[in-house]
Amino acid sequence: MYGALWLAAILTGFLAVWGLYFAIIDRAVIFKQLIVAGVIEVLMLGIAVVMAVQQIGGYAVKDGITLWGYLLTCLILLPIGGAWALIDRTRTSSIALVILSISLLVCQWRLWQVWTV
């Protein structure tokens, strides 16, 4: 599970840098960026399934509400960014992608902290 979370974080960081580059050169989000966002979303869904199975199996988390709150936030952020990118075909979509990617990185970091306590 940790490997998948690290991979998701690395891809999210890459997506943030890629979006920042597009914002600097005044371009909108492209389909390839949305594909990377989709891969991250699939990884996060897989992580959610693993966490659910482990908790059902008896793995104790100190604060389950916080854990699932961060996880649900992680799962909601990228679809919002993807919808924004499809609706707004200007530089603003790249800026939104950067902000949402950084927010997702913070959520992933906190998710790792809460899970490993």
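Including glycine, each Cβ sits where the backbone N, Cα and C put it.
It should be emphasised that the depicted structure is a prediction, and the values quoted were computed from it without experimental measurement.
If you check TrEMBL, you get these features:
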type: TRANSMEM; residues: 6-25; note: transmembrane segment
type: TRANSMEM; residues: 34-53; note: transmembrane segment
type: TRANSMEM; residues: 65-87; note: transmembrane segment
type: TRANSMEM; residues: 94-112; note: transmembrane segment
Query: Going along the chain, which residues at least six beyond the ends of the transmembrane segment (6-25) come within the CB cut-off of under 8 Å?
result: 33, 36-37, 39-40, 43-44, 47, 91, 94-95, 97-98, 101-102, 104-105, 108-109
- request: Sort out the residues at least 6 away from either end of the transmembrane segment (94-112), same chain, that have Cβ-Cβ distances under 8 Å to it, and list them.
  value: 2, 5, 8-9, 12-13, 15-16, 19-20, 22-23, 27-29, 33, 37, 40, 47, 67, 70-71, 73-74, 77-78, 80-81, 84-85, 88
